[in-house]
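Colleague: Sharing a structure with you now.
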């Protein structure tokens, strides 16, 4: 399962040979431009009030010269000069200096960067000044947190290579925290072991559970969620948090994205989740091409399921908060599948600059365009945008971290396909909406019929008072002629003054669906009676 996903593109040598550069939809309903321009990083920062007196837009990276893996538009503390920012960039791995990722309504900032090139004793005054400016941008607190997502031993090992982590003696008013999210190599090995467990033929319960435990996958998911929850809680309490790992494009992306989603309900909508991915993953340079192994030339040691883990973490949250997300599990699985299929250009490249150079918005279709054209397929019928779901506080006890069978074991042989509850609920919603439309249609036709019958009698039609019931009452009054015989309704329909023929009225009435079948029970198209082909896993 996992090995297949991460290597399905292994025959492609050059990036322009990927499927997205040759794909053309069978339907002309999806325009090539659809989805490419619906996200604007500046508009997203404006949504949470930036720029303001504390945070400003810097154009130092407009040509990707300061940091080629960062977006061109970056937000830094207003108190930091250009010289300070440039100096800090030189002191951070890959030039990824501290920048604003998200701003909470209480003024607490979520910032991200890479590890400092500190080694055992090196320091940089500009980097220290930039950190002080970040703290001053939140006047409500006297200190800020610096979160290193790596295990302490890993960070200490990097010091021997001239990298490492911040020395609290050099950075005033910071509190340094280590968390234990493992590196990409451990995660790759974990997914391979999980795949082997899921692909076992007729495993016993002990074999499967032992395999699930030994792969450590759920433990890694919990570590990511624990770190993200801690960051979100600290920000909710008013503290600014700076997050980094080694280079700031894997674990940092996971933690920043999930923490922002816990705090901001906008990111739990379909379009908001896309904006979150565009900002934290695409704009800030997660290496999708390398991590997903799109090319035969990809270094196998660079492949790792970092984004897949993020989707798994989101699925865990949807299980705990079933009404807090506008999208369903199908949306997450779809995103996982299209990530590896390379059918759309959204995830192609290792950074924003790569996608600009490849002109993917001109030469490929966007996954977000596909979502927009099929948005009803991914809706969560239980979604409630209420105040109770403004900030999510998950229970991350071990018993609440679940195995995502819907993704990892969805092709198990011998298991009959069962229509998901969400799909059934969506079907019922559609049926309800259709019946409501039918009621509105009948109301209009009853009023029209009452008017026509009234024209045959010299009795005025009073304004509608009680919807359908009053219309029916008026009809009952108009069914008796002066000679006490019933009015011939057919003669009314064939009258020259009638704007609707009887056959037309019957056709229009029949055009509204009042009968409904469950999707799983539908065997043919209701319009043309063409039978549906059904594939059954054996």
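The backbone N, Cα and C atoms fix where each Cβ goes, and this holds for glycine too.
Annotations per TrEMBL:
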type	residues	note
ACT_SITE	245	active site, phosphocysteine intermediate
BINDING	183, 184, 245, 246, 247, 248, 249, 250, 251	substrate binding site
DOMAIN	35-408	domain 'Myotubularin phosphatase'
DOMAIN	215-261	domain 'Tyrosine specific protein phosphatases'
Colleague: Please report how many Å separate the Cα atom of residue 183 (substrate binding site) from that of residue 245 (active site, phosphocysteine intermediate), as a whole number.
Modeller: 9
Colleague: List, in sequence order, the same-chain residues at least six positions removed whose CB sits under 8 Å from that of residue 247 (substrate binding site)?
Modeller: 93, 94, 96, 114, 115
Colleague: If you draw a 10 Å sphere around the Cβ of residue 249 (substrate binding site), how many other Cβ atoms fall inside it, taking every protein chain shown into account?
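Modeller: Its Cβ shell of radius 10 Å holds 26 other Cβ atoms.
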Colleague: Between residue 245 (active site, phosphocysteine intermediate) and residue 251 (substrate binding site), how far is it from one CA atom to the other, in Å?
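Modeller: About 6 Å separate the Cα atoms of these two residues.
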Colleague: Excluding 183, 184, 245, 246, 247, 248, 249, 250, 251, please set out which residues of the same chain place their CB within 8 Å of the center of the CB atoms of the substrate site, keeping sequence order.
Modeller: 114, 149, 252
Colleague: If you draw a 10 Å sphere around the Cβ of residue 251 (substrate binding site), how many other Cβ atoms fall inside it, taking every protein chain shown into account?
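Modeller: Other Cβ atoms within 10 Å of residue 251 (substrate binding site): 28.
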Colleague: For the domain 'Tyrosine specific protein phosphatases' (215-261), give the DSSP counts of helix residues, strand residues and coil residues.
Modeller: 32 helix, 4 strand, 11 coil
Colleague: On average, what pLDDT score does this prediction assign to the domain 'Myotubularin phosphatase' (35-408)?
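Modeller: Mean per-residue confidence for the domain 'Myotubularin phosphatase' (35-408): 96 out of 100.
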Colleague: Count the Cβ atoms, other than its own, that fall within 10 Å of the Cβ of the residue listed as 'active site, phosphocysteine intermediate', considering every protein chain shown.
Modeller: 27
Colleague: When you look at 183, 184, 245, 246, 247, 248, 249, 250, 251, which the record names as binding substrate, what is the longest CA to CA distance in angstrom?
Modeller: 12
